[in-house]
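What follows is a short report on a single structure.
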Amino acid sequence: QINFVACQLFALLAAFWFRIYLSPSHASSAVRHAFATVFGIYFAVFCFGWYSIHLFVLVMMNYGIMNMASIPNIHRYSFVVAMGYLTLCHISRIYIFHYGILTTDFSGPLMIITQKITTLACQLHDGIGRQAEELTAEQNRLAVKSRPSLLEYLSYLLNFMSIIAGPCSNYKDYIAFIEGRHVHMKLLEVNWKQKGYDRLPDPSPTGAVMYKLCITLVSLILFLTLTKNFPMAYIIDNEFLDKTPFFSRLGYLYVVTQAAKPKYYFAWTLADAVNNAAGYGFSGVDERGTFRWDLLSNLNIWNIETATSFKMYIENWNIQTAAWLKRVCYDRAPWYPTALTFILSALWHGIYPGYYFTFLTGILITLAARAIRNNCRHYFLSSVPLKIAYDVVTWAVTQLAVCYTVAPFVMLAVEPTIKFYKSVYFHMHILSILVLLLLPTRPQTHSVRRAQNQAMLNSIKSK
């Protein structure tokens, strides 16, 4: 963990230097690719020692697949090999070598690289192996039209800005950043003459980086003061269960879940700041004319803490992983996309039983929440007081549902998970099943979603 923090802080300094002294106006794309790759490899070796060889083995295996596999199958082969290798590493590090429990190890970077490999493979398949009319608007925008060179491939997967903690980004966005087109492309989406500018502005990421570093510092302080004082294990302590009423236990569950969040806020926000410091992550201009640097952001803390639906919470937590799951699974699944996406998420996270309890429970609660929203929400939109009451109730239910769902993710093992769910009477499982029985919903088929996507694409083309 010390190596992890040291690498990220050093990466932050290297990112500032990279943006100033190796900017596209001072260095060629090849030099920028080479620097990002060499430093990324160094960070991996420094942080994980000989275990980092797993990263390089997976990268080179999939480079071979990318160049030798047929385009119609390239995404399938890459997915199977990358996810298979990741799963084998998860199994070996826990059940064979008996380490990795609640530690920072090479599996984290391997998970990010797996995301990038499968993302690139799918986007390459879209760009070369499919017709434009078969793709959604987003798939058309991100489609890769030619196989990358070895240097481009290594830079995308192993660059120092994301190798330690991510996030996963799209290949075309990364190449545009290296070649110096990243910010310019986003600025061209705005009519600057209308806003009184004679030429394109030059947005600086410094303010965004400083803001994110402040969040990182606060998150670190909260982690050091709260997380260890409110352990998740206490919610299944026998004395606690015997003496604490049911609703008080739910309240404490909310507290310990909140206490578990700062470490994620710290790691993801720091990773975002590193990318921004290098000049990567510009997402455009908002309606107020403010420059936004959230293209690679992995969370929206305000939306997480104020979420009034399970869907809203998920969409703002680990955003880039959610985007990856959508692009490689949800948008491509012929049937039951929600269930398959949750199962893939569990498999990607690892092989601890707690992960599967969490994501299988998540399927149930997501479907139930969707049914309630689709059948009931419109009744509460007729007046402001009703809408406020609806938002308050759904906020409380959402926060408790998330706490109920993620508790096994933190506890990991089967025994404490079952003990926890028994202590709260499996109430969310039972309520979700009842909702689905009373308010059944029809799963959206692949053909329906494709028709919707095609309609969206046609609308965009007509504009």
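Backbone N, Cα and C define each Cβ position, glycine as well.
Fair warning: this is a prediction, and the values are worked out from it, not measured in the lab.
Checking the ranges 163-179, 333-349 against TrEMBL, the transmembrane segment annotation falls on 333-349. Nonlocal intrachain contacts for the transmembrane segment (392-414), taken as residues 6+ away from its ends with a CB within less than 8 angstroms of a stretch CB, comprise 101, 232-233, 235-236, 250, 253-254, 257, 260, 306-310, 312-313, 349, 352-355, 357-358, 361-362, 365, 369, 420, 424, 427-428. When each of the listed stretches 39-65, 208-226, 355-372, 420-439 is scored by C-beta pairs under 8 angstroms to the transmembrane segment (333-349), 355-372 comes out highest. Residues 309-311, 314, 338-339, 342-343, 345-346, 349, 398, 401, 404-409, 412, 414, 417, 428-429, 431-433, 435-436, 439-441 of the same chain sit 6 or more residues outside the transmembrane segment (355-372) yet have a Cβ under 8 Å from a Cβ within it.
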